[in-house]
Amino acid sequence: MSRRVVALVAAAGKGTRLGADLPKAYVPLRDIPLVVRSVRAMITSAVVDEVIVIISPQMQDYAAALLLRWGLFSADIPVRLVHGGAERADSVWCGLQAIADTDAVVLIHDSARALTPPGMIARVARAVLDGNKAVIPVVPVADTIKTVHGTTVVATPPRRDLRAVQTPQGFDIAALRAANIAYQQQQPDFEATDDASLMEWFGTPVLCVDGDPMAFKVTTPLDYALAKAVTDQAEPTIFEVPSD
């Protein structure tokens, strides 16, 4: 039996930096909410067997009505809602607990990366299916990055060694669960800012695959303006063809 690929779409945050009246995941982009776009991309990727949308309990009725209205509960693959926790890491753990499989591939995706190409999603999933325990999509860094203490520069890492990390990040579910349990039990003196950094701490090699400029995160009004400019020009249908 082939391994299932389950996508966790994180949509439980408030996203206050966007300055919208709704939580960020539900903000429309050309009339289509960000979370709807993200779920559609997972379905279109042709590698995902189930989508779990992680929401805040307060948004249960709204989210259920939204996904129903957009026909996502009657999609070709199952789509369901799971309540998240206070922080993103808590929400991811809630999502992992909702998956019965012990050998699945799990993709963890920010709903705010609403224009992520389905082909990139497939690329991440296939790299995990090929035997890698942790896979992240990355793009080169355009700016020079400085390490600072206070207001003083203390180092300039070589730009050629730096990458910006996107989502979805892909994992062997057993390995990711083990890393989460160890992190919760040991409470190390560092904050795992993404799931890959947790796996790094746990000692799991993390493979990088090519990301995509379209997978940018809609966090600020400027990000939203960029996403709107892209979709106002033309819906990015060219990106909806999964890669080989």
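The backbone N, Cα and C atoms fix where each Cβ goes, and this holds for glycine too.
From a predicted model like this one, the values you see are computed outputs, not experimental measurements.
If you look up Swiss-Prot, you'll see Arg17, Lys24 marked as site 'Transition state stabilizer'. The feature site 'Positions MEP for the nucleophilic attack' is assigned by Swiss-Prot to Arg159, Lys217.
Taking the features listed in Swiss-Prot, we show where each one sits on the structure.
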| residue | record | DSSP class |
| --- | --- | --- |
| Lys24 | site 'Transition state stabilizer' | helix |
| Arg159 | site 'Positions MEP for the nucleophilic attack' | helix |
| Lys217 | site 'Positions MEP for the nucleophilic attack' | coil |
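Rounded to a whole value, the Cα-Cα separation of Arg159 (site 'Positions MEP for the nucleophilic attack') and Lys217 (site 'Positions MEP for the nucleophilic attack') is 21 Å. Counting only the Cα atoms, the space from Lys24 (site 'Transition state stabilizer') to Lys217 (site 'Positions MEP for the nucleophilic attack') is about 11 angstrom. Taking every protein chain shown into account, Lys24, Arg159, Lys217 are the recorded sites, and of these the Cβ with the most other Cβ atoms within 10 Å belongs to Lys24.
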